[in-house]
Ligand code: AMP
Ligand code: ZN
């Protein structure tokens with residue numbers, strides 16, 4: 001299967017060709033664990049999960065690495081503000097390590113609930129300080145750094161291709177178009193590799209280094225850890241679009257300056273989730289967590305379905321009406337599949353009928369053309385509603401599709417609520433009537449049960465009852 005992806009580097013659709021034939025190195029910028037992830041952050045992780053699952057579906061082994069930022073990410077991405085971890089620690093009276101551990105667990109709990117496959121390697125920045133120092137030493141030896149005001153800076157004027165990913169204009173950069181708030185910088189775009197006792201003397205997290213006791217800048221962690229786990233050149237790097245102009249631009253500069261090689265071949269970025277036309281952000285105070293949705297009665301997979309309804313490169317506006325629509329559609333799907341499962345087992349994918357294969361192929365075409373999840377979902381519904389296709393074929397194809405969609409459709413069960421004694425007695429009476437071949441009585445009892453919201457199905461395994469629940 002051929003996967004096409006839109007590469008931010010070059011701004012074009014490209015056929016995906018990994019460095020090694022069947023292996024894919026995938027690095028995704030992970031959470032800064034100073035607070036809960038909001039559903040905007042989670043949209044990005046759902047998109048990255050769709051990418052990983054699609055690559056696996058297409059037959060690749062994916063070595064998926066994600067960092068956990070537990071030091072160095074300041075409240076501003078361009079070295080302004082305070083370390084987010086330290087700020088959270090100060091505000092709550094807990095240690096940065098306690099904060100990190102608590103929110104890392106919360107993050108994994110969220111992604112598990114969204115059926116996002118966990119990365120093969122999740123690496124915490126504080127556990128890789130030695131790798132970061134090693135990288136900075138390499139950059140220093142090659143003349144890409146300078147020390148100013150006690151910090152070690154990356155000199156962007158020494159790296160010719162600086163800003164290529166973000167299409168930054170070098171002339172404008174030199175003239176200071178990007179707001180430079182740090183007088184120690186030679187060029188406005190320069191960034192900190194290592195903070196020593198400069199502006200944050202009370203920083204709790206500090207490590208010894210050749211430049212004095214201090215802590216790493218945020219960007220350096222992703223370069224050092226991705227190269228440790230995926231090598232000096234690998235296939236795909238992902239993140240939200242906000243990372244293009246600063247974080248990813250700086251990651252490229254320091255990685256390629258250190259290795260002298262092209263670092264990443266495909267840069268794939270997810271668009272933002274908006275809340276009332278505004279970016280959802282913790283700083284804007286307009287954010288929702290997954291737990292808030294759960295507390296309001298939604299299933300995390302309703303949110304996953306909602307995310308799949310928008311293409312990852314388009315902005316998606318969140319509101320509860322749209323989430324309700326996603327929930328209704330997902331429940332409809334689950335109920336249909338649950339009913340189908342009572343009728344038949346799925347056809348193994350290799351034995352699907354030509355018609356089922358054709359519909360599955362339509363789904364693949366949607367998906368493999370730059371992860372078009374809305375199109376893929378539409379094809380799934382096309383299959384569900386197909387008049388000519390048998391139940392076993394439908395199930396076989398839909399379970400195959402769900403390897404990528406991750407909606408846990410194979411676990412679909414009709415929502416059932418235990419029958420009361422009186423209801424169970426009626427079901428038994430109907431079974432007796434059937435055994436006595438008293439069809440009129442059996443039908444009468446079925447109608448009576450239906451009236452009470454209980455649907456009856458006679459299967460090879462016996463009577464199946466489904467009691468409708470109010471949702
Ligand atoms: P952070 O935890 O702030 O480092 O962000 C984690 C991920 O979420 C990054 O890839 C961001 O680009 C992404 N992100 C942040 N805000 C949003 C949003 N409103 N919608 C989608 N992704 C976002
Ligand atoms: Zn990163």
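Please read every residue number as a count from 1 along the shown chain.
Note that Cβ sites are derived from N, Cα and C of the backbone, with glycine treated the same way.
Keep in mind that TrEMBL annotations are predicted by a computer and have not been checked by a curator.
Fair warning: this is a prediction, and the values are worked out from it, not measured in the lab.
Taken straight from TrEMBL:
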| type | residues | note |
| --- | --- | --- |
| DOMAIN | 16-326 | domain 'tRNA synthetases class I catalytic' |
| BINDING | 29, 222, 247, 251 | Zn(2+) binding site |
| MOTIF | 31-41 | motif ''HIGH' region' |
| MOTIF | 279-283 | motif ''KMSKS' region' |
| BINDING | 282 | ATP binding site |
| DOMAIN | 418-466 | domain 'Cysteinyl-tRNA ligase anticodon binding' |
Do you know which of the binding-site residues 29, 222, 247, 251 end up with C-beta under 6 Å from ligand 1?
29
Quick one: of the binding-site residues 29, 222, 282, flag those whose CB is under 6 Å from ligand 2, and say none if nothing qualifies.
29, 222
Test of understanding: give the count of other CB atoms lying within 10 angstroms of the CB of residue 247 (Zn(2+) binding site).
20
Would you mind listing, in sequence order, the residues at least six apart from residue 222 (Zn(2+) binding site) in the same chain with a Cβ closer than 8 Å to its Cβ?
27, 29, 67, 247, 251
Please work out the mean pLDDT for the residues of the motif ''KMSKS' region' (279-283).
72
Going by DSSP assignments with H, G and I as helix and E and B as strand, what are the residue counts for the motif ''KMSKS' region' (279-283)?
0 helix, 1 strand, 4 coil
How do the residues of the motif ''HIGH' region' (31-41) split into helix, strand and coil according to DSSP?
3 helix, 1 strand, 7 coil
Helix, strand and coil residues within the domain 'Cysteinyl-tRNA ligase anticodon binding' (418-466) as assigned by DSSP:
28 helix, 11 strand, 10 coil
Quick check: with 29, 222, 247, 251 left out, which same-chain residues have Cβ atoms within 8 Å of the centroid of the Zn(2+) site Cβ atoms?
67, 218, 219, 221, 223, 237, 239, 243, 248, 250
For residue 29 (Zn(2+) binding site), which DSSP three-state class applies?
coil
Look at each of the binding-site residues, 29, 251, 282, and point out the one with the fewest other Cβ atoms around it within 10 Å.
282
